[in-house]
Amino acid sequence: MSLTDILSPSDIAAALRDCQAPDSFSPKKFFQISGMSKKTSSQLKEIFRILDNDQSGFIEEDELKYFLQRFECGARVLTASETKTFLAAADHDGDGKIGAEGIYFHI
């Protein structure tokens, strides 16, 4: 399964266009524009599984910086400040990684 099986390719493209400039990424806005904020719990868990590149059950900081590239291979890498802000907001237990429940924080 791919992200385009769950999210509209045009919505993904619009979300990526919105955050093309460095330090313009807002997870909440990205989730809204891409349509993630309208998905069911099971669909969000599937999206998380796809985003979890190493299938560890967590998204770590080194994976998170490539978050946008999981939606489109040519997308930019998140800046260090975007990555740290995103991680801090979604890392509920302070262990330096995001569990599946962390994806809900922006919705």
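Every residue gets a Cβ built from N, Cα and C, even glycine.
Marked as Ca(2+) 1 binding site by TrEMBL: D52, D54, S56, F58, E63. Here TrEMBL flags D91, D93, D95, K97 as Ca(2+) 2 binding site. Taken from TrEMBL, the feature domain 'EF-hand' covers 39-74.
Per DSSP, the secondary structure of the domain 'EF-hand' (39-74) breaks down as 19 helix, 3 strand, 14 coil.
By neighbour count, meaning other C-beta atoms within 10 Å, the densest spot among the binding-site residues D52, D95 is D52. Neighbour density for S56 (Ca(2+) 1 binding site): within 10 A of its CB lie 10 other CB atoms from the protein chains shown. Same-chain residues at least 6 positions away in sequence with a Cβ under 8 Å from that of D54 (Ca(2+) 1 binding site) are, in sequence order, E63. Take the CB of D91 (Ca(2+) 2 binding site) and look out to 10 A: across all protein chains shown you find 20 other CB atoms.
Here the binding-site residues are E63, D93, and the one whose Cβ sees the fewest other Cβ atoms within 10 Å is D93.
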